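Here is what Swiss-Prot says about this protein:
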- 25-57: domain 'LisH' (DOMAIN)
- 94-127: region 'Disordered' (REGION)
- 114-127: compositional bias 'Polar residues' (COMPBIAS)
- 140-167: region 'Disordered' (REGION)
- 155-164: compositional bias 'Polar residues' (COMPBIAS)
- G298, P299, P300, G301, T302, G303, K304, T305: ATP binding site (BINDING)
Amino acid sequence: MELSYQALRVASQNREAEELRTEARRKNLLILIMHYLLQEGYVDSANSLEQETKISSRRFEVCDNVDLETILMEYESYYYIKFQKYPKITKKALDHDSRVQPKPRSAGKLRRAGSNSTQGLPRIGQQQVIHRPVSSSYYRTNGHQKALSRENSKQESGGNSPQEASEVGLNVSAISKASGEGSHTRRRQVIDFRSMIQDTIKGASQEIALNSLNCNPDPSERLIKPVGAFIGGNSEMRELAAVISRDIYLQNPNVRWDDIIGLDAAKRLVKEAVVYPIRYPQLFTGILSPWKGLLLYGPPGTGKTLLAKAVATECNTTFFNISASTIVSKWRGDSEKLVRVLFELARYHAPSTIFLDELESVMSQRGTGPGELDYAMLRRLEKRILVDLPSKEARQAMIQHWLPPISNSSGVELRMDLDYSTLGEETDGYSGSDIRLVCKEAAMRPVRKIFDALENHHSEHKKLPVISLETVTTSDFSEVLAHTKPSAKSLAEKYSAWQNEFESV
């Protein structure tokens, strides 16, 4: 099958829009149930539902003229119009001992059930003829006329009689051809399928563009599956799952890929492993299946955790931010159970991303680098990415980002007169966090000079002069560099040597 860029992009947008619609539908249903419980006085049940779903009733409210009881009444009316009978919503349960407990449906079953349930619904925009229920005497008196009309329709349509309209609730009418068109079938007619596909793609993209205005993929707004439906009725596993669920990242770190200066190779590989397989699954099949594990290693302060925050911000996946204290227990056997529950919980909340900070701390030997990792674990980390110290261009961009020529923060104007190219060369060996610390210290130097005037002012009637900060120069920055040494310069050679032996990019 031939793939095009437009088709891949539209398919990805269609998938994202459908996932957002499904998520919004589930959330709206829970909010309607919570509103109904509060309206009917079931306060304890509503509080339990709010605690389990993490949906606060104070953050959302039901719109006007929308109510769960009203929706049920509308469904009953629609069902009666279509089938001439009211729907049967509930039924009497079996014996209490032999009654089967309902199992929670998975997301795939929910999607299939939703797609099957909407096949018989009329499309929006088409003319609909609603048939009112007719008494049985009408059919007895008019049976002969219906038989004659069916015979006439058979003769007009060439023997192909449509299904009776009253049986399916649809109005079927014949289409008469214009006098200028030929009645014979054109066997060699050419149909332009390419233009039809392009028109369909164009219409779908426009619909997605309109619907995407209301989409808010904020992690704090994401609906998390209930832990009570995890691993059946095993209470021990559910307790361990509750411990792991506390580390699901629900906040928005607000870190974009463009906010990370440098690290182009690391960002590209992380996108290939996490972002693109979800966005374009047609390209990641067979031998091109995405990588299951990534190892980000390098000196401290170079942006490894920042890459993880960008994944949590940009990707619409369940993000597990796991630390060593979460999966390490003093009780024998509990650590193994926690690791097992972690991966089973990740499958339960799929698609998921697990971020393990300081992975070497949970291995057999505690160390400070990737050399302490177990070889079996190293084999499962298919991509091993070195997050190295920033280059000269990256250091120069970082200094210009933190110390722009004019900074007006909280009404205090701070000016810079810096030679960014020279400072980029002088900061060789500094990590990203070191450069931020140096920039902060350089900006603090002119602020310290006004503290004496503020503290030594004792006269209440005499006004203080307007605060005016001195300009930060290149010499000020160089003096700060002389007193602030890099924290990880000695580790760069160690990581480079390990990269030469175990590199996999």
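Glycine is treated like the rest: Cβ placed from N, Cα and C.
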Candidates T302, T305: member of the binding-site residues with the richest Cβ shell (10 Å): T302
PLDDT averaged over the residues of the domain 'LisH' (25-57): 84
Helix, strand and coil totals (DSSP H, G, I; E, B; other) for the domain 'LisH' (25-57): 27 helix, 0 strand, 6 coil
P299 (ATP binding site): tally of other CB atoms within 10 A of its CB: 25
